[in-house]
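Peer 1: Before we start, here is the structure in question, set down as structure tokens.
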Amino acid sequence: MSRETSGLLLGFVGVCIFAGTLPFTHLAVAALSPLFVTAGRAALAGILAGGTLLLLRRPRPNARQLRTLCLAALCLVAGFPGFTALAMQTVPAGHGGVVLGILPLATSAIGALIAGERPSPTFWLAAVAGAALVTGFTLYESGGSVQAGDLFLLAAAIASALGYVLSGKLVRAGHAGWEVISWILVVSLPVTVPATLWSMPGDPAAVPLWNWIGFAYVALMSQYLGFFAWNAGLALGGIALVSQVQLLQTFVTLLIAAGLNGERVGLSAWLVAGAVVLLVLLARHASRPNR
């Protein structure tokens, strides 16, 4: 098997893992509080990450890197998981998957603004069209009104995009992607562990096993192990090739939501998801910045 093929397969495994985040979060918050799911997933993943860093004897980040890690943690440990947990209490996972399909556009836009780049007008046209399309979809799904869950999803997308940009700065500085997310989780432990203990259900045994499985998935797979498959795929197959696999994530989320959560995914969701993917492709093609 060639390196490119291996990279694509590993990248697809990573995408499938991340695609399960919303459906399994939806499952977890059906019986567990959003605070516990948010803090607990990061605490459990952080303990695993700390052990991995110790085992591999990775060097500690310096003071400047630590500041970036803390900012990224606010976005990727508190922001995105917290807002998605709140959203999954009120909107279906498939709906959330379509809304978050705009995340690549949001990440590129925020990255361009922070870096002072000037992407082409076509890029911004695609970004605005994607935002308008997702907004129209949410209004259509909710009968013309904006749901609280949609606002939480918007906040989650912004937090995730900003977190990816911040962690991307460390990756471009020469740090492995898995190492960056590991340190992000570790520096969060002084907050996530006490928050987990404080928000833990009074009688854990009373929580159905199925809901604990949802929690375990987002803690071990979505929050940590998925990054290993994804980053290994990028390293083997190349970023330009393997990153295209990410375009499948929304569709995989819709399939998982239908199978795991029993959601009925309407034609509008598939059509909007496909249109957003086309806009992401257009934006990527037009994203050669002019400084």
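Positions of Cβ are set from backbone N, Cα and C atoms, glycine also.
From a predicted model like this one, the values you see are computed outputs, not experimental measurements.
Quick paste from TrEMBL:
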- 6-131: domain 'EamA' (DOMAIN)
- 7-29: transmembrane segment (TRANSMEM)
- 35-56: transmembrane segment (TRANSMEM)
- 68-88: transmembrane segment (TRANSMEM)
- 94-115: transmembrane segment (TRANSMEM)
- 122-140: transmembrane segment (TRANSMEM)
- 146-166: transmembrane segment (TRANSMEM)
- 148-282: domain 'EamA' (DOMAIN)
- 178-197: transmembrane segment (TRANSMEM)
- 209-227: transmembrane segment (TRANSMEM)
- 234-259: transmembrane segment (TRANSMEM)
- 265-283: transmembrane segment (TRANSMEM)
Peer 1: Which residues of the same chain, at least 6 past either end of the transmembrane segment (209-227), have a Cβ under 8 Å from a Cβ in it?
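Peer 2: Residues 14, 17-18, 20-21, 24-28, 30-32, 37, 40-42, 44-45, 48-49, 81, 177-178, 181-182, 185.
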Peer 1: Quick test of the contact rule: Cβ under 8 Å, at least six residues beyond the ends. What residues does that give for the transmembrane segment (146-166)?
Peer 2: 68, 71-72, 74-76, 78-80, 83-84, 86-91, 95-96, 99-100, 102-103, 106-107, 109-111, 114, 138-139
Peer 1: Pop the mean pLDDT for the domain 'EamA' (148-282) in here, whole number is fine.
Peer 2: 90
Peer 1: Looking only at the domain 'EamA' (6-131), what are its DSSP counts of helix, strand and coil residues?
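Peer 2: Residue counts for the domain 'EamA' (6-131) by secondary structure: 103 helix, 0 strand, 23 coil.
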